[in-house]
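Asker: The structure's right below; bear with me while I get my questions together.
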Amino acid sequence: MKALHFGAGNIGRGFIGKLLADAGVGLTFADVNQTVLDALNARHSYQVRVVGEQEQIDTVSGVDAVNSTSEDVVTLIATVDLVTTAVGPVVLERIAPAIAKGLVLRKAQGNERPLNIIACENMVRGTSQLKTHVFNALEEGDKAWVESHIGFVDSAVDRIVPPSASAAHDPLEVTVETFSEWIVDKTQFKGELPTIAGMELTDNLMAFVERKLFTLNTGHAITAYLGKQAGHQTIRDAILDEKIRLVVRGAMEESGAVLIKRYGFDDAKHAAYIEKILSRFENPYLKDDVERVGRQPLRKLSAGDRLIKPLLGTLEYGLPHQNLVLGIAAAMHFRSEDDPQAQELAQLIADKGPQAALAQISGLDANSDVVASAVNAYNATA
């Protein structure tokens, strides 16, 4: 099997690329970072530090790389068996035209072998969104062929991959936690289902997408926002602060109550899942900066993301949400000179006030009780 992976960043190399290469898949990375591309093509290998109670260094080998803006990408899409991405939600739209061109070339060459495309992004149904962008770039006459020959497979991914401390010396070295989870929707594949160690197949993906979003992502974000407010530098420092831990655990329990109601997750198993997440945040070997985790607060406060979506679930089922509200208020306080969204958030609050700003960002009713609660919490910590 041959695969093209868009995104040779830390998550691409440390998570999806590593799983594919470890499974014996012939792997080519596509990226725009020339330093990384040159290093991959010079060495055809890189090292991954897997850190936990026992640290190990794994070597990923047999890889190469192409520039994602080059015609090489188009040619590869016409021949490979799998395309994956780890580029960030915003970049999916940018890579879609190249994917569309590659699919048209594949059709022109008469290659009718099934091709499956999997976006491995921190978003709900990311591949379905990528498919929309790809279809927008296709001519009408090509859409039916793509629909019948190309699988667009949604997935849920989970692995904490902070920036590597040694990246300044070696652009390829990456540090990851031991835990990883890659769950894919088996109902969306074309052709035979692949067998790749570390890839789990399910016919109930949304349950796992929301479990991860409402627990790992919700908890991670709230830890970062409360940690930043309290002057902590890392996620570990923040989660070891008992006041913060209480709110984070409470928020994950509130979002968990939504998951249990919606999908029938087992109470005890979900409680254990929350404990596992908290222990991952405590990992002393991951230097995960609160500012990195908190960046892009406008996206994280949007209706379909990690703070507002679980809150909407609590409103839907009439469940408690006071800790989620505290997390939302902390997100509204997030400031970073290096993050344009943090600056835009600050400007929006300055121009419109916290009530109208939160309503605009989140889609919540400005006059609702929950917005009033969030604004009160925001003002209480101003």
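A Cβ is built for glycine as well, from the same backbone N, Cα and C atoms used for every other residue.
In case it helps, Swiss-Prot gives these features for our protein:
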- A3, L4, H5, F6, G7, A8, G9, N10, I11, G12, R13, G14: NAD(+) binding site (BINDING)
Asker: What number of additional C-beta atoms lies within 10 angstroms of the C-beta atom of R13 (NAD(+) binding site)?
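Answerer: Summing over all protein chains shown, R13 (NAD(+) binding site) has 30 other Cβ atoms within 10 Å.
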Asker: Under 8 Å Cβ to Cβ from A3 (NAD(+) binding site), same chain, six or more residues apart: give me those in sequence order, or none if nothing qualifies.
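Answerer: Result: L20, V25, G26, L27, T28, V80, D81, L82, V83, T84.
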Asker: Three states by DSSP: which one describes I11 (NAD(+) binding site)?
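Answerer: Note: I11 (NAD(+) binding site) is helical by DSSP.
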Asker: Which one of these binding-site residues, G7, G9, has the sparsest Cβ neighbourhood, judged by other Cβ atoms within 10 angstroms?
Answerer: G9
Asker: Taking the Cβ of I11 (NAD(+) binding site) as the reference point, list residues of the same chain whose Cβ is under 8 angstroms away and which are at least six residues distant in sequence.
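Answerer: The answer is A86, C120, V157, R159, V161.
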Asker: Around the Cβ of H5 (NAD(+) binding site), how many other Cβ atoms lie within 10 Å? Please give the count over every shown protein chain.
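Answerer: For H5 (NAD(+) binding site), the count of other Cβ atoms within 10 Å is 28.
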